[in-house]
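What TrEMBL lists as transmembrane segment is 49-69, 76-93, 99-119, 131-155, 175-198, 210-228, 240-257, 269-289, 295-317, 338-360, 380-401, 422-442. Sequence annotations record features per position, and here TrEMBL assigns domain 'NADH:quinone oxidoreductase/Mrp antiporter transmembrane' to 95-385.
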């Protein structure tokens with residue numbers, strides 16, 4: 001935890017004193033030649049698109065290590081794997097070389113697999129195997145896309161992001177590259193129907209691992225979709241953006257309905273995450289400044305809210321020794337602090353005004369409504385279906401709260417069994433809740449980080 005805290009303080013210092021918000025170009029660069037025969041560089045840098053996920057990664061990982069305090073079996077290995085996962089995520093968000101991006105993408109797979117296998121639930125081996133098969137299968141398409149993009153049009157590989165951003169491709173090749181990258185990112189985001197690994201993984205992982213999965217891992221897919229598909233393959237993205245909007249809309253409804261039918265508490269929250277990722281997909285497909293800024297804001301907002309919900313779900317299940325909602329009930333009186341925190345983050349997830357979820361989803365709404373790419377009736381239909389999804393969200397979240405905290409099933413258990421939240425849980429929850437409120441009241445705190453970079457990306461598109 002001390003290592004994560006020191007790195008977080010260093011990142012905050014660098015951001016405050018060296019990062020210029022009004023400069024969309026790469027800053028704080030690091031470039032070393034690594035492999036001469038391939039002209040492969042260790043090339044890192046930060047811009048307006050990557051600074052938000054990097055700060056989110058440092059913040060959530062620091063709190064996840066504190067959340068993992070009760071882990072006593074092989075605790076050193078557990079924290080080493082968390083730090084290895086953290087290294088891969090920071091490396092991916094700051095990569096400026098396509099092959100380095102792929103290497104960092106792969107680096108976090110093994111730590112997650114081991115965290116699932118060694119500290120998971122009863123079906124941990126099944127969940128870990130399913131996770132590695134899905135993500136490794138997606139990585140094959142990512143590698144094909146990296147090689148195709150890097151080797152096209154020159155005798156030597158071209159892997160530098162700055163060069164690739166200005167590279168043009170034949171339309172047929174660009175569409176093939178787009179599909180290759182899209183499948184890889186769709187597995188990680190996830191996008192239906194490639195989402196089925198997520199509920200099983202969240203259902204069996206330790207809650208500190210779930211914090212990293214929900215808070216950061218899913219955001220890698222959204223980041224890749226913006227960084228590579230949208231920035232490097234603009235013609236193909238313009239062609240397929242309507243399909244992204246359709247898929248995102250379906251995903252909001254489908255995952256919300258599926259979440260309502262889940263008995264397992266952590267799986268219900270996992271499907272909630274899938275539903276909220278639909279807003280990011282719609283924002284990316286809107287091709288507007290407002291929509292893309294809303295998608296980035298939703299990316300960060302859900303990173304905080306999702307991590308907090310899984311943390312509180314894990315601590316609650318550890319106390320009552322139950323995971324199925326129909327076996328719970330009546331714990332609001334003996335556990336009032338957990339009830340208050342769980343209710344607060346559930347309100348944030350269902351987009352209560354004044355919290356980050358409301359601002360992010362509202363901006364995505366405005367982005368799709370203001371898009372010049374879509375007809376009026378199409379925008380009305382999409383907005384109507386999105387509104388249905390927003391109505392479904394409080395249904396399954398409030399139902400979850402009712403099943404957990406109200407009723408009498410566990411009400412008569414002794415106070416020694418139902419122990420309320422301690423200082424550690426309160427500290428973690430409050431630390432996450434503060435940025436949720438801050439972003440909800442002053443969203444420009446986050447939007448100002450990415451607005452110039454978003455403008456630069458969308459300058460390639462006719463519809464803005």
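Numbering starts at 1 and runs along the chain as displayed.
In case you wondered, yes, glycine gets a Cβ from its N, Cα and C as well.
TrEMBL: automatically predicted annotations, no manual curation.
Among the recorded stretches 99-119, 210-228, 295-317, 338-360, 380-401, the one sharing the largest number of Cβ pairs closer than 8 Å with the transmembrane segment (422-442) is 338-360.
Here the transmembrane segment (240-257) sits against the transmembrane segment (269-289); at least 3 CB pairs are under 8 Å, leaving out pairs fewer than 6 apart in sequence. Contact count against the transmembrane segment (338-360) (Cβ pairs under 8 Å) is highest for 380-401, out of 49-69, 175-198, 380-401. Spatially, the transmembrane segment (76-93) is adjacent to the transmembrane segment (210-228); three or more Cβ-Cβ distances between them are under 8 Å for residues at least 6 apart in sequence. Of the candidate ranges 175-198, 295-317, 380-401, 295-317 has the most C-beta pairs within less than 8 angstroms of the transmembrane segment (269-289). When each of 49-69, 99-119, 175-198, 210-228, 380-401 is scored by its Cβ pairs under 8 Å to the transmembrane segment (295-317), the top-ranked stretch turns out to be 210-228.
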